[in-house]
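> Straight from Swiss-Prot, here's the annotation block:
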BINDING   Gly10, Ala11, Gly12, Lys13, Gly14, Thr15, Arg127, Val136, Tyr137, Ala200  ATP binding site
REGION    30-59  region 'NMP'
BINDING   Thr31, Arg36, Lys57, Leu58, Val59, Gly85, Phe86, Pro87, Arg88, Gln92, Arg160, Arg172  AMP binding site
REGION    126-163  region 'LID'
BINDING   Cys130, Cys133, Cys150, Cys153  Zn(2+) binding site
Amino acid sequence: MRLILLGPPGAGKGTQAQRIVEKHGIPQLSTGDMLRAAVNAGTEVGKRAKAVMDAGKLVSDEIVIAIVSERIDQPDCANGFILDGFPRTLVQADATEAMLKAKGLDLSVVIEFRVDDEELVRRVDGRYTCAQCGTVYHDTDKVPVEEGVCDKCGSTHFKRRPDDNAETMIKRLEVYYKETSPLIGYYHAKGKLRPVDGMAEIDQVTAEVEAILSKL
């Protein structure tokens, strides 16, 4: 089960990825996490990435693909994985396809989360997380059962990301539509794309996702 979750920021990809992890036992792969792990582990590609970052430059697609490739070779990915927030561009999508093909692998499905822009801005504008465990909350949609106490770990410390506001969100959407939304057509043409209604209640979205996964 090799998945890509596609959709704009705030569409609910992270929430659904976590549910897939819990139910199916496959890892969620974030490029940021993989990059940090490779650098900390001192792998060959990690050293290359560190040199680039230390110089204050952006890590190239080639290095990112190499890090993803290295991570996919780990034993916990034997039964599949979820690519979260990657690929972001058509160039990265082509490189990912080629990398998987070289391993004799193929993507199982690309799940696209469809949500209106207005709703995305509303969601992100009220979002905050537990500083301890990262559980996501929202000012109106999802507040802790006990005010000021995380449902999952009991922490009383919460934080808001500086970029979780309407102005920044609108800019992030512009980047998404310019760079990432072309992937919708790309994967549709390959017969891999499966859309879900990201406007629905979280449990309903999960049901739609599971219906897709049950057919793999």
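Think of each number as a place in line: the chain as shown, counted from 1.
Just so it is clear, glycine is given a Cβ too, placed from its N, Cα and C backbone atoms.
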> On the DSSP side of things, how many residues of the region 'LID' (126-163) fall into helix, strand and coil, could you say?
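Secondary-structure breakdown of the region 'LID' (126-163): 0 helix, 10 strand, 28 coil.
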> Could you tally the C-beta atoms, other than its own, that fall within 10 angstroms of the C-beta of Cys130 (Zn(2+) binding site)?
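So the number of other Cβ atoms within 10 Å of Cys130 (Zn(2+) binding site) is 21.
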> Given a Cβ distance threshold of under 8 angstroms, which distant residues of the chain, six or more beyond its ends, lie next to the region 'LID' (126-163)?
10, 14-15, 169, 172
> Going by DSSP, give the three-state secondary structure for Lys57 (AMP binding site).
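In three-state terms, Lys57 (AMP binding site) counts as coil.
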> With H, G and I counted as helix, E and B as strand and the rest as coil, say where DSSP puts Gly10 (ATP binding site).
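Gly10 (ATP binding site) sits in coil per DSSP, no helix or strand.
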> Of all the binding-site residues here, Phe86, Tyr137, which one's CB has the most other CB atoms within 10 A?
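Answer by Cβ density within 10 Å: Phe86.
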